[in-house]
Ligand SMILES: Nc1ncnc2c1ncn2[C@@H]1O[C@H](COP(=O)(O)OP(=O)(O)O)[C@@H](O)[C@H]1O
Ligand SMILES: [Mg+2]
């Protein structure tokens, strides 16, 4: 089983889209293993987006991501890193197909409502950056045997 880090960004929180986003991951069959509603510091966001430090939008992105609360989550499931990215759509909502989260719910690349780890390696790094070991809940969903062969 893989784990990935998903966050509803401040724009998604303000627009009341947490429920819609959580619903899609639940409906797909993925398992929520950790979640918290927090306002991250700009330093934390700079670390989170370190890969993008040379991009012109890095400063504005980190400021925006720390400007209000985010809903941070860790979801678990088979191939979830790749599948979550497909559910999200493209980075630019204008290139995202209807049916995807960004294709259904937003318009602008700088206000694309959701973050999701792009590789398994980055997922591990981001999960560790946002959550401590004691914040994970261990349980077996009753649906497990009907979701996986
Ligand atoms: N050209 C851009 N202009 C403004 N913001 C951008 C641009 N490209 C990316 N971003 C912002 O930076 C975030 C991180 O970029 P990236 O990791 O490339 O995309 P993704 O969130 O799809 O993984 C994007 O989700 C978006 O909010
Ligand atoms: Mg990314």
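Backbone N, Cα and C define each Cβ position, glycine as well.
Note that the coordinates shown come from a computational prediction; the quantities given were computed from them, not determined experimentally.
Features reported for this protein in TrEMBL:
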type	residues	note
DOMAIN	1-138	domain 'Nucleoside diphosphate kinase-like'
BINDING	9, 57, 85, 91, 102, 112	ATP binding site
ACT_SITE	115	active site, pros-phosphohistidine intermediate
(Q) Considering each pair of residues in 9, 57, 85, 91, 102, 112, all listed as binding ATP, report the largest CA to CA distance in Å, no decimals. (A) 21
(Q) Excluding near sequence neighbours, so keeping only residues 6 or more apart in the same chain, what lies with its CB under 8 A of residue 9 (ATP binding site)? (A) 64, 65, 70, 111, 112, 113, 114, 115
**Q.** Distance-selected binding-site residues near ligand 1 (C-beta under 6 Å), from 57, 85, 91, 112
**A.** 57, 91, 112
Q.
Could you give me three numbers for the domain 'Nucleoside diphosphate kinase-like' (1-138), the DSSP helix, strand and coil residue counts?
A. 68 helix, 28 strand, 42 coil
Q: Starting from the Cβ of residue 85 (ATP binding site), draw a 10 Å sphere and report how many other Cβ atoms land inside it.
A: 17
Q.
Sequence gap of 6 or more, Cβ distance under 8 Å: name the residues on the same chain that satisfy this around residue 91 (ATP binding site), in order along the sequence.
A. 109, 112
Q: Measure the Cβ-based neighbour count of residue 57 (ATP binding site), defined as the other Cβ atoms within 10 Å of its Cβ.
A: 12
Q) Once the chains shown are all counted, how many other Cβ atoms turn up within 10 Å of the Cβ of residue 112 (ATP binding site)? A) 23
**Q.** Lowest local Cβ density among 102, 115, which the record lists as recorded positions, within 10 Å
**A.** 115
